[in-house]
């Protein structure tokens, strides 16, 4: 499970990461996406990078079709815009029939994991028991979003998220097995499959008769997908391709019968006659012959899931098994990987829910110094912070699933944020649970140490969080950069763009005089949350001011300012989280939910601290010379360590 390798040009490459994720929001031939929980084959580590897309001054002079204004809150916040279409009010997307169907599923699935599945045994055996797999098949768990007419349950993204949450509460090893199968294993068939491909393969995978796996990562390719070496050469007759190569760290690799495989294919340019290699996606069956696998990998966590190397030796793949178009494999891979990021947040929200229950139980029953430890301030703060992190993660997960079900097309930044936030929140919550439980938490019997081992991979799955932070910042800056390019073009023709220039001048004047942007969430958030709403608006203004200043300073060079980009991404994550919880808590207050006042406290607490972080971080980036000194020190210290082969300092005893 390799971490992404960072190269000097990674910033420019990242401008493509996720650019197509939103366009896969609806599955072909069925209602909206199957963004099945991303539970999550190791090969997703790659964050899938494409050839660089640069911000070219020439590009701004070419005629381009008008693009609809994005409804994404995340896109808007980089521009200093308060775009509320996708975040307010907190969406309710299930109709009565869907809600009833979900209720009928939740009970049996929860009981199965409580009464039948044994996560400790799965971990010890390093596999999911056959009886458990059979039970999951009977529940329909292998085809949750496959259309019902093809043997699946045909769930929406929101319905899927709820079941992903239940699985995450109980066993992340099983989650990975299920997710590697349907979230990425056969997801490409759902997104890009022809009618014939769907009819041939989906009934088999939906029933669990055949497991699926996603084969992308190779020893030479981590984040740089273009460096894969597996090849698929078309036969002279054009009826098949001969596939050769190997893939590493493939979840379900030793169990699967159907594989989504990515390989380079030679493609002749019709105009020039030149032959270039481009990535193409294929549906490959083990029964084709020439498909073998290695021994299961020994891993830190998610031991119950099968992870192995897969080899393809002269495999004859029928031409009709090309997935999507020849040469479009990168697009297929990006959409598969990006399509289900929200599912990780839903899964880990469930994991946190279960872990928090263990922490609360221990704090409630443990007596020290003559009192229950839940009465001690240190423990109270830990529990409260754990609850806040779970609330934010869960709110993001269901916001995103609803956005997808509603048919919104632009949510890739939000999806990346949910993955980053959820995976880091789950790690913190589990770590704090162990701390609250003390020595008992470190023991094997309570099962928290297993969850900690399992959770560590989620900061690597789906693209490492480091890579995704760069994507969040660069994608947002790219959208803002286009706006600034438009302003520059307007200055070339001031008489024809009076309105645009007056608006920009007015905005700059308000910022300089401290008047503010005039943005407000008044009338949008519940009145009881007005103070937190004001904090969110102020944070947005501070964030957007720094984004614009840094873009003006660095221009295209911002792609190489990774210290800066990381901190902008952290601000974006905090800000999106503020708005999401404001939306959810507002709905709870408006509807009079029994938990409304508790949710208000969770929301206010998050907003107070997030606003403080944004204010301090943005002020530091904007005007603190010590920040630049710190960045220079990081570069120099790191360089010295690399040159020295490790630490530069010696033991203080000099012995």
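For all residues, glycine too, the Cβ spot is worked out from N, Cα and C.
What Swiss-Prot records for 1-70 is region 'Disordered'.
The feature region 'Catalytic' is assigned by Swiss-Prot to 41-482, with similarity to another entry given as support.
Per Swiss-Prot, the feature compositional bias 'Basic and acidic residues' maps to 60-70.
The Cβ of residue 71 (N6-succinyllysine) lies under 8 Å from the Cβ of 83, 85, 86, 408, 410, each of which sits 6+ residues away along the same chain. Under the heading N6-succinyllysine, Swiss-Prot lists 71 (among others).
Residue environment of residue 127 (N6-succinyllysine) contains 20 other Cβ atoms, counted within 10 Å of its Cβ in all protein chains. According to its DSSP assignment, residue 127 (N6-succinyllysine) is coil. Taken from Swiss-Prot, the feature N6-succinyllysine applies to 127 (among others), supported by similarity to another entry.
Residues annotated as N6-acetyllysine in Swiss-Prot: 127 (among others).
Listed in sequence order, the residues of the same chain lying 6 or more apart from residue 237 (S-nitrosocysteine) and placing their CB within less than 8 Å of its CB: none are present. Per Swiss-Prot, the feature S-nitrosocysteine maps to 237.
When secondary structure is read from DSSP and collapsed to three states, residue 239 (N6-acetyllysine) falls in the coil class. Under the heading N6-acetyllysine, Swiss-Prot lists 239 (among others).
Sequence-distant neighbours of residue 276 (N6-succinyllysine) (same chain, 6+ residues apart, CB-CB distance under 8 A): 266, 267, 269. Look at Swiss-Prot and you will find 276 (among others) tagged as N6-succinyllysine.
Residues or ranges marked as N6-acetyllysine in Swiss-Prot (evidence: similarity to another entry): 278 (among others). Under the three-state DSSP scheme, residue 278 (N6-acetyllysine) falls in the strand class.
The N6-succinyllysine annotation in Swiss-Prot covers 278 (among others). The number of other CB atoms found within 10 A of the CB of residue 278 (N6-acetyllysine), across every protein chain shown, is 15.
The Cβ of residue 298 (N6-acetyllysine) lies under 8 Å from the Cβ of no residue that sits 6+ residues away along the same chain. What Swiss-Prot records for 298 (among others) is N6-acetyllysine.
Swiss-Prot lists 331 (among others) with the feature N6-succinyllysine, giving similarity to another entry as the kind of evidence.
Per Swiss-Prot, the feature active site, proton acceptor maps to 462. Of all Cβ atoms in the shown protein chains, 31 besides its own fall within 10 Å of the Cβ of residue 462 (active site, proton acceptor).
The N6-succinyllysine annotation in Swiss-Prot covers 482 (among others), and the record cites similarity to another entry as its basis. Taking Cβ-Cβ distances under 8 Å and a sequence gap of 6 or more within the same chain, residue 482 (N6-succinyllysine) has no neighbours at all. Under the three-state DSSP scheme, residue 482 (N6-succinyllysine) falls in the helix class.
Under the DSSP three-state reduction, residue 556 (N6-succinyllysine) is assigned to helix. Feature annotation from Swiss-Prot assigns N6-succinyllysine to 556 (among others).
Across the residues of the region 'Catalytic' (41-482), the predicted structure has a mean pLDDT of 92. For the modified residues 239, 331, 556, the largest tally of other C-beta atoms within 10 A is found at 331. Comparing residue 278 (N6-acetyllysine) with residue 331 (N6-succinyllysine), their Cα atoms are 11 Å apart once rounded. Cα separation, residue 127 (N6-succinyllysine) to residue 556 (N6-succinyllysine), rounded: 49 Å. Separation of the C-alpha atoms of residue 462 (active site, proton acceptor) and residue 556 (N6-succinyllysine): 27 Å, rounded to the nearest whole number. In this structure the alpha carbons, written CA, of residue 331 (N6-succinyllysine) and residue 239 (N6-acetyllysine) are 24 Å apart. Residue 556 (N6-succinyllysine) and residue 239 (N6-acetyllysine) are 46 Å apart (CA-CA, integer value).
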